[in-house]
Structure formats: C-alpha cells, structure tokens
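Remarks on the structure that follows.
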C-alpha cells in the first residue's frame, strides 16, 4: 500500500522483503528413510534377480503354505480335476481293451454270459463319473467293479493311493495356513511410540507391550536390535548393521509373564548404541530399533513371533507411560484406551555419557522440575482462591438484588398498615 502511494520507494520495499527472507532459516524436511520392519511387523524387503527358482520346488509343501489363498485353491482344484481326468482315461482304456464298449457283447446268448470289468461304463462320461466315485469314495450303486479284470483292480488301488496323497497334502496345507504363527501375533500389540526417561537414576529406553487374548504366550521373551547404516574403518559400508542391546529384566531366564501389559525397559549404559545420543541429536540419527517378541501359543503349542520397530521420530524424550492397570473389586482391570498414552516428566536433555560424567545434571534437572511444579501449584491455588472470591462476591450481589423493600399503605381513616410485596 505504501509503495503504491509512493510514500516509500518500491526499491526499498523489495530490498527489505529479500533481506527478511534471507534471515529466516529454511527448514527442509529430511527425506524419510525406508523402514526395515514396518509397524505391523512385516519385513520391508524385496527379493530380486533370483535365478535358482527350482529350489522352491524342492520344498513344495512350504511353497504351497506360503502361497496366497487363491493360488493354493486353484492348484488343489486343478490337481483333483487332472487326477479325475487321468484315471477316467485309464478306466475308459481298460473298458475298451476288454470290449465293454462293443454293443454286440450285450446281445450274446445266455449260454455265454458276458461279464464286464466295470458295469455300466460304456462311454468316457460314465468312466469319468466312475473315477470321481472311486477317488471320493461315493458309492451310488450303478457302477461297480467285477473280478473279471486284474488290470482294473490295479488301477483302483493306484487311484486310491493318489487320492489319499492329494487329500493329505491339501488338508495339511489348509491347516497350516489357517493356524500360522503370525495369526496369533495379530493380538500382540506394541505402543505406537517409545519413550526415553529416567528410571532408577539412569536414562532408559522404554516401550509397552500387551496381549489382547486371555490365552497366554508361554516362555515369552523380548529382544531389541538396533539397525543402522555403518561404515567400518576399512571403508566397507554395511547398509543393515544389526546390534543386539540388552533388556533390563530382573528374571535370570529373560522370560516375561505377559498376563498384563508390561513396560519393557532398556538401560542406556556403556553397552548401548544410544549411549552418546542426546535429545537434540536424536532427531538427526538414522537408526531403527527393532523389537521382537517370541513365545509359544498356549492353545496350539506353535511358536509365534511379533515384531515392530521404532525410528527416531517415534521416540519421545522426557515422557513416561501412564499406568493402565487398576484394582477394581478384587479384579485387576486393564484400560486399553490408555495403552499408548504418555505424560511429560523431568529428564535431562543430555546423553547418557554426559549424565554419567556429571551426575549433578540429574539433580539440577529434578530440582528445577520440583520448583516448577511448586510454582504451578501456587498459581493454581491462587487462581482457585481468586475464583472462589469472585464467586462469593457475585453470590452476594445477586442476594442483595433479590431483597424486596417494605411498602407502607395509608388507609383513608389515617391508620397505617405495613405489608411486604
């Protein structure tokens, strides 16, 4: 507006705008790195240029289990159809070789009675129906074998064996697909975010895990791995470098009793890859923490594994999980609506190494948090006191406005009478 009215020269306005834009820091979003493990536990990995495809056929049962449902059903359907057609062709050849297809054999005299290999098999359609009846063990009573042809008995035995093998493979594959271990892992949940806070005087990395089912996971154990891109002193680049980090568990067997949601804790000490990372450095770190929960399903006895991961953006520094287990009428109740809720707590912003070198940092942080907590309580009490005073004054004013004055009426005789209205 000023430049248009020629009060300020236009060149000065443009130069000032350019100078302000130069002063403002331009924050560019760091390109997001691909996760190695997704939040739902799926491995973000693509296999390419596999030349030896025949290795998958050597373990055909595992290949069938790993296939999708539509592919598995198509394969089994085609297996049954092909076996029925194959043995239908064999039954038709047996009947044709024996002469059962010749209509003249039925018009022979009674003195020379004709006995076919399979009764009522006079075409390929009837042979196909008889093949289905033999393999599926359906006996309608119209078509049956006789003792005339030993070759037909051999074909019957062979078809029964092939049918049993196909049924066994199909039932086993369907059972394994429906009872796969990752199906049970769907009810094992992890908190969407992890936290770093002080516990027992040490910085700790913590996350919450829980089981939605009442049937327990037996011998459950938790492992944590840090995956990052590293370079060795020799110059070798390792794109996926995995480092195990210990889990703080008071039980020597390292197993957890997952009857209720638990907070898994990792103490950041000298052995931890997070030892030199501070709160300001965490956002710049290109790392991923993978959590693996393994155990045996109580109902089926199958070993299951649940996985998740946390990147730097999903780790909250100076937070703590809220308690969700309460005792109500003699029963421990778990409120899963607060499963991932956190609260902000006092925590030093320095790394664990600096905290070990200067323990006074923790004391100062706790003192500052205590002073701020006391000041907030004082402000809250003063605000409550002022609100109560204002409320009492408003009540007094309303009461005073509701008081009705007394009015005196004078009668014609001169007597006075007081009444309240």
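Positions of Cβ are set from backbone N, Cα and C atoms, glycine also.
If you look up TrEMBL, you'll see 384-395 marked as compositional bias 'Low complexity'. According to TrEMBL, the feature domain 'Potassium channel inwardly rectifying transmembrane' maps to 37-180. Annotated domain 'Inward rectifier potassium channel C-terminal' per TrEMBL: 188-358, in sequence order. Residues or ranges marked as region 'Disordered' by TrEMBL: 372-395. The transmembrane segment annotation in TrEMBL covers 73-94, 151-175.
Within its own chain, the transmembrane segment (73-94) is flanked in space by residues 64, 67, 117-118, 121, 123-124, 127-128, 130-132, 134-135, 149, 151-152, 155, 158-159, 162-163, 166, 170, 173, which lie at least six positions past its ends and keep a Cβ under 8 Å from the stretch. The average pLDDT computed over the domain 'Inward rectifier potassium channel C-terminal' (188-358) stands at 86. With DSSP states grouped into helix (H, G, I), strand (E, B) and coil, the compositional bias 'Low complexity' (384-395) comes out at 12 helix, 0 strand, 0 coil. DSSP labels the residues of the domain 'Potassium channel inwardly rectifying transmembrane' (37-180) in these numbers: 88 helix, 4 strand, 52 coil.
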